[in-house]
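S.K.: The transmembrane segment annotation in TrEMBL covers 20-50, 71-100, 106-131, 143-165, 177-194.
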Amino acid sequence: FVTLAVLVALNRLNIRRLLPYLLLGALLWFFVLQSGVHATLAGVALALCIPMGKPEEEACSPLLFLEEKMHYWVAFAVVPIFGFANAGVSLSGITLANLIDPVPLGVALGLFVGKQIGVFLAAVLAIRAGLAVLPEGSNWVQLYGVAILCGIGFTMSLFIGNLAFPGSQHLIDEVKVGVLIGSGLAAVAGIVLLRSRFSRH
């Protein structure tokens, strides 16, 4: 409570430097974790205390600055690691030979190949038929890159896997491995393609 009160006081005093907030936020996270309450609440409380308003002489507020600096780390490192850790995948006993079994191979190809083909062709047909338009300033290659990124999928893929193989934990684990591989390939390929296109334009 004392740590949170100090954070609120810093906000009310309009302290704009991030370092005091981050140090106290880490301390708050530790105390909340030790209390048995879910430690993510400390992050919510910290975000509410960091100043969001922006004086005219500042380019952006401290909270917006922190958000911009953390965005790529969160989107491309923290969230994927969180999803991997919470997918419940046991890698014990899984060899390279298991990766080409029909179930993980089918799931991975469905996400990485099937989705990009389906999404891209559906978009092309809709645009050609006049039902949709290509966004201004974009091109077909960029649209294809977005279609590749559509292969990133966890929740629905895991849900369907559990429905397809009820009571078979081994097959469900293979589905999860396929989801991780397919989503990983889609993420890497999509990012590489889009970054290469945007770097040229």
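Backbone N, Cα and C atoms are what each Cβ position is placed from, and that goes for glycine too.
Locate each feature and note its surroundings.
M.R.: Residues 3-4, 6-8, 10-11, 62-63, 66 of the same chain, all 6+ positions outside the transmembrane segment (20-50), place their C-beta atoms under 8 angstroms from a C-beta of that stretch.
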S.K.: Other than its close neighbours in sequence, what residues sit by the transmembrane segment (143-165), given a CB gap under 8 Å and a spacing of at least six beyond its ends?
M.R.: 83, 87, 107, 111-117, 119-120, 123, 134, 171-172, 175-176, 179, 182-183, 185-187, 189-191, 193-194, 197
